[in-house]
Amino acid sequence: MVLAGLGAYLPEEVVTNDDLSRVMDTSDEWISSRTGISQRRRAAEGQTSLHLAVEAGREALKHHGEGTAIDAVVVATSTPHRLCPATAPDVATALGLGHVPAFDVAAVCSGFVYAAATAQGLIAAGTARTVLVIGSDVFSSFLYPSDRNTRVIFGDGAGAAVVRAGDHDEPGAFGAFDLGSDGEGSDLITIGGGGSMPPSEDAPAGRDQFLAMEGREVYRRSIPGMADSCRVALDRRGWSIEDVDVMIGHQANIRILDAVARNLDLERERCYVNIDRVGNTAGASIPIAMTHAHADGAVRAGDKVLLTAFGAGLTWGSTTLTWPELPTI
Ligand code: UT7
């Protein structure tokens, strides 16, 4: 499977740290130093993960170039347009892609990595030759208004990649994926209500419709989680950490990225960061970062790239790719 196009979409409204410190007990100093975030975006009222996914998907199709049929659409989202049906069929229809297979993957912050692994499987099985893989999340709809633990880090956004069948040694080729999960940690980041589980009697009325996160514990587990997963993905590709030109990690917290880089013995300069501008966009984080890294010139044709993510589920995943020649964005 080969990377053949990228795109991202961020909603217009910018929410700065100062904006948040006016409505809750926090400060620009605390948020910047503890998370690396300066601002994040918020979707407009009525703008959902579907709308963001369509915009990012359209950008990726443009970047890829007109004229190639898309055979499948996989949308990574944990904040779907609605609980049922999936968001992906609406995305495929809105983009005029015809009656292609289209479905969602719910692996939260690891969602894009899981969705890309799924696309690799569809391609390897001969079910599809070219797949549009999108990560789109609008967590702002699920953040409790006074929860500074979650409101300071999450931002809305979508990113997309076109991937196609190709040789394992051609520019843009992905390696094997490492994927994992640990359901024993499923309560650490959760929206408890809204599923088929009866409402919890312990939760204050309505509170379980919102995201609850034990941030410190997730933080603690994410560092070895991502680093170990990176080692497996590198091993499967036959690369060592010295081979890696750029690591594009899930942008959860800059201190997590720094600690993962330290754990791997990867120089900080080789670790791409855009969390300052976008916050933690959950399943959209990696494809937005890939798009921004390409647009910034932080990753160049021929670079060896490591992707890694960790988040709710708990889930994690990593993979490798060589960066292809792609048009500038
Ligand atoms: O996307 C994938 C899943 N999510 C993550 O990976 C998130 C991982 N976790 C984190 O990024 C961090 O745990 C947070 C950013 C959520 C919190 O940072 P922290 O350094 O773990 O803070 P903490 O919860 O340990 O709190 C440290 C102190 C506490 O004060 P005391 O008890 O030391 O006086 C908190 O009350 O900071 C206080 N605090 C805040 N102060 C101002 C916690 N949140 C805030 C805040 N503003 N927003």
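Glycine is no exception: its Cβ is also placed from the backbone N, Cα and C atoms.
Database features (TrEMBL):
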ACT_SITE  Cys109  active site
ACT_SITE  His250  active site
ACT_SITE  Asn280  active site
DOMAIN    103-183  domain 'Beta-ketoacyl-[acyl-carrier-protein] synthase III N-terminal'
DOMAIN    234-323  domain 'Beta-ketoacyl-[acyl-carrier-protein] synthase III C-terminal'
REGION    251-255  region 'ACP-binding'
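Between the C-alpha atoms of Cys109 (active site) and His250 (active site), the distance comes to 7 Å.
Asn280 (active site) and His250 (active site) are 8 Å apart (CA-CA, integer value). Packing around Asn280 (active site) is summarised by its Cβ count: 25 other Cβ atoms lie within 10 angstroms of its Cβ, all protein chains included. Residue counts of the domain 'Beta-ketoacyl-[acyl-carrier-protein] synthase III C-terminal' (234-323) by helix, strand and coil are 40 helix, 22 strand, 28 coil (DSSP-based).
The domain 'Beta-ketoacyl-[acyl-carrier-protein] synthase III N-terminal' (103-183): residue composition by secondary structure is 26 helix, 26 strand, 29 coil, according to DSSP.
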